[in-house]
Amino acid sequence: MDQTLIQEILEVVEQAAIASAKLSGKGLKNEADAAAVEAMRKRMGQIQMQGRIVIGEGERDEAPMLYIGEEVGSGTGPGVDFAVDPCEGTNLCAFNQRGSMAVLAASDRGGLFNAPDFYMKKLAAPPAAKGKVDIRKSATENIKILSECLGLAVDELTIVVMDRARHKDLIAEIRATGARIQPISDGDVQAAIACGFAGTGTHCLMGIGAAPEGVISAAAMRALGGHFQGQLVYDPAVAQTSEWADMTKEGNLARLAEMGITDPDKVYEAEELACGEHVCFAGSGITDGLLFHGVKFERDCTRTSSLVISNLDNTCRFTNTVHIKDGAQSIALS
């Protein structure tokens, strides 16, 4: 990958965010998702590359998707693998709530974890705690370690957990330590990445979410030097979701085996989920969130707010882009 390709990858998430934002607040979850998917696919098709989707959203709940194994790009140029979520937080977008964004991770061929659209147990933490907290330890142990690594009292820590029935025991354990919980309804990528930046007020992400977002988060956290671990969840009894009502543990294990995953219980480090020499994360806000603003529509332009994190040059670029409309007369500075 080079800087020209990374710039085009930024434009991919910008276009997906704009397409989805046009349906924000209309209660049309699937339509917003489909619009983002098609915009992302169209812009990827204009890039001179041999692109491939290795993990994406949609397989779990039959949403529109860029499917696993789909080839994107012009068909010539460098080989690039993608993990994508064109509309992260579809419910958030549908009801114009904070935290929805278009996101992806990209790497050279073979550089991203290839898995079905399953669930994943995740642990994200700041760089100071990297290699010290561990997903195999209890929440209580990890919170104590976090407190020591960050120099904060336990009751000063904020732990983000998705508000799901499957997390009832986890939430109770965290509260018993005295740490503070920030429950989120959807979209854990921003929470994971926020752990990699100082001053966000987010100190840890714990719990089970979607696997594609886990790979995307891992790519960002690897470039940031933060801690991220993931472990696939294949048992419907653990996932506790209606989306898996017709799925079985045995069937899910067979699906993993088909994709070459011989150790379904393996704990993956960020460097294994995003193992390529060059890895980048790109995200663009659909609605306002912790890391960036949502899409803003004006008479003469559309404004997007985005973030690109890359280990190619060890940079984090916060980008505000003005997309000028045809026939524009006057563009405000901000």
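Note: Cβ is positioned from N, Cα and C throughout, glycine not excepted.
The Cβ of Asp33 (Mn(2+) 1 binding site) has 25 neighbouring Cβ atoms from other residues within 10 Å, across all protein chains displayed. Following the DSSP three-state reduction, the secondary structure of Asp33 (Mn(2+) 1 binding site) is helix. Swiss-Prot lists Asp33, Glu57 with the feature Mn(2+) 1 binding site.
The Mn(2+) 2 binding site annotation in Swiss-Prot covers Asp85, Glu88, Glu213. Listed in sequence order, the residues of the same chain lying 6 or more apart from Glu88 (Mn(2+) 2 binding site) and placing their CB within less than 8 Å of its CB are Ser100, Met101, Ala102, Val103, Gly187, Val189, Glu213, Gly283. Under the three-state DSSP scheme, Glu88 (Mn(2+) 2 binding site) falls in the strand class.
Contacts of Arg166 (substrate binding site) defined by a Cβ separation under 8 A and a same-chain sequence distance of 6+ are given as Gly207, Ile208, Val238, Ala239, Gln240, Thr241, in order along the sequence. Annotated substrate binding site per Swiss-Prot: Glu88, Gly89, Thr90, Tyr119, Arg164, Ala165, Arg166, Asp186, Gly187, Asp188, in sequence order, evidence recorded as similarity to another entry.
Cα to Cα, Arg164 (substrate binding site) and Asp85 (Mn(2+) 2 binding site) are separated by 20 Å. Here Asp33 (Mn(2+) 1 binding site) is positioned 6 angstrom away from Thr90 (substrate binding site), judged by their C-alpha atoms.
Set side by side, the binding-site residues Asp85, Glu213 differ in how many other CB atoms lie within 10 angstroms of their CB, and the most is found at Asp85.
Here the binding-site residues are Thr90, Arg164, Gly187, and the one whose Cβ sees the fewest other Cβ atoms within 10 Å is Arg164. When the alpha carbons of Asp85 (Mn(2+) 2 binding site) and Asp33 (Mn(2+) 1 binding site) are compared, the span between them is 9 angstrom.
When the Cα positions of Glu88, Gly89, Thr90, Tyr119, Arg164, Ala165, Arg166, Asp186, Gly187, Asp188 are compared pair by pair, the longest gap among these substrate-binding residues is 20 Å.
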